[in-house]
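Quick look at what Swiss-Prot lists:
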| type | residues | note |
| --- | --- | --- |
| REGION | 1-182 | region 'Large ATPase domain (RuvB-L)' |
| BINDING | LEU21, ARG22, GLY63, LYS66, THR67, THR68, GLU129, ASP130, PHE131, ARG172, TYR182, ARG219 | ATP binding site |
| BINDING | THR67 | Mg(2+) binding site |
| REGION | 183-253 | region 'Small ATPAse domain (RuvB-S)' |
| REGION | 256-346 | region 'Head domain (RuvB-H)' |
| BINDING | ARG292, ARG311, ARG316 | DNA binding site |
Amino acid sequence: MSEPARLISPEKRGEDLDITLRPQSLDEFTGQAEARANLKVFIEAAKNRGEALDHVLFVGPPGLGKTTLAQIMAKELGVNFRSTSGPVIAKAGDLAALLTNLEERDVLFIDEIHRLNPAVEEILYPAMEDFQLDLIIGEGPAARSVKIDLSKFTLVAATTRLGLLTTPLRDRFGIPVRLSFYTVEELELIVRRGARLMNLPITEEGAREIARRARGTPRIAGRLLRRVRDFAEVARAEAVTREIADEALTRLLVDNVGFDQLDKRYLNMIAVNFGGGPVGIETIAAGLSEPRDAIEDIIEPYMIQQGFIQRTPRGRVLTAIAWKHLGMQPPKEMEAAQFRLFQEDN
């Protein structure tokens with residue numbers, strides 16, 4: 001799969017783990033204003049009562065700050081933070097080891113909880129609801145059930161695919177939080193903060209140019225900033241200007257809306273091979289030689305949010321914005337079909 005090597009992939013990479021660039025409090029955190037305001041209330045209320053915070057579920061595309069927010073929550077609650085991910089917890093014993101080592105009110109963060117083993121998920125239910133572990137010891141006729149009391153903890157989980165969570169698991173989270181893509185203005189603040197922490201001079205226009213191409217995602221903004229810094233330093237520039245940022249990102253094949261070669265292949269394939277759509281996701285995946293999950297989780301969310309494609313019951317359809325971006329004219333019959341659809345919706 002080619003996707004992890006993409007500069008604009010929102011998935012985690014080693015260079016993204018620089019904790020010095022991460023905000024350390026909710027006040028330092030830029031964006032997600034509604035979510036932050038609500039979390040502040042819930043955290044303060046839990047601290048005042050001396051209780052564990054209700055379990056929290058973060059939902060949203062990768063790279064929007066779910067892990068960072070979980071770490072900040074633990075810090076502001078004044079408790080320990082433990083982190084893992086759904087695929088890592090292979091069996092019930094793995095989960096039991098994590099839970100039994102938690103202290104009172106600690107935060108356990110599980111990323112990609114939608115990929116949790118179903119057998120492990122069953123063990124998690126009583127742990128979340130009653131703070132007890134129900135384990136089966138032994139096999140066959142000698143097997144017996146053992147209950148283990150747990151410290152009252154807070155589970156903070158993250159998922160990019162809410163629809164893949166079972167209803168019993170989803171219903172056990174008292175605080176669901178949906179995160180959305182960031183505005184260019186918010187990303188500009190994030191880029192300027194990152195540049196300041198890197199001791200990198202940057203102009204307002206330079207920061208905005210990077211922000212415009214970051215696909216609404218702070219993780220991508222930080223990665224683009226690092227690469228632009230490389231170009232600026234080699235060019236011995238006094239500061240990152242709009243021109244330097246534009247030249248660097250253009251050379252890195254990131255266009256003015258944050259699309260790379262794979263995004264353009266996606267749009268071109270629908271436009272050229274299928275007349276703008278509709279075309280099914282399995283056909284797109286086969287044509288791009290990319291897994292369906294990568295297309296639905298990585299490529300499409302930002303395109304849909306920006307209005308480049310529509311998901312319809314019959315498949316994906318390019319919008320007028322996409323045709324304009326490609327520099328192509330949509331087929332006449334497609335324009336007529338979209339006009340009829342617009343009239344029906346209104």
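Backbone N, Cα and C define each Cβ position, glycine as well.
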Out of ARG292, ARG311, ARG316, give me whichever of these binding-site residues has the highest number of other Cβ atoms within 10 Å.
-> ARG316
Counting each residue once, how many in the region 'Small ATPAse domain (RuvB-S)' (183-253) are helix, strand and coil under DSSP?
-> 50 helix, 2 strand, 19 coil
ARG292, ARG311, ARG316 excluded, remaining Cβ within 8 Å of their centroid (DNA) = GLY280, ILE281, ILE284, ILE295, GLU296, GLU300, ILE309, GLY315
Cα-Cα distance linking ARG292 (DNA binding site) and GLY63 (ATP binding site), given in Å to the nearest integer | 19
Around GLU129 (ATP binding site), which residues of its chain at least 6 apart sit with Cβ under 8 Å of its Cβ?
-> ARG172
On the DSSP side of things, how many residues of the region 'Head domain (RuvB-H)' (256-346) fall into helix, strand and coil, could you say?
-> 57 helix, 9 strand, 25 coil
Among ARG292, ARG311, ARG316, i.e. the binding-site residues, the one with its Cα nearest that of TYR182 (ATP binding site) is ARG311
Output the one of PHE131, TYR182 that, of all these binding-site residues, has the highest number of other Cβ atoms within 10 Å of its Cβ.
-> TYR182
If you skip the near sequence neighbours and keep only those at least six away, which residues in the chain come within under 8 angstroms of THR67 (ATP binding site), Cβ to Cβ?
-> SER83, PHE109, ASP111, ALA158
By Cα-Cα distance, the member of binding-site residues ARG292, ARG311, ARG316 nearest PHE131 (ATP binding site) | ARG292
What number of additional C-beta atoms lies within 10 angstroms of the C-beta atom of GLY63 (ATP binding site)?
-> 28
Average model confidence [pLDDT] within the region 'Large ATPase domain (RuvB-L)' (1-182) = 86
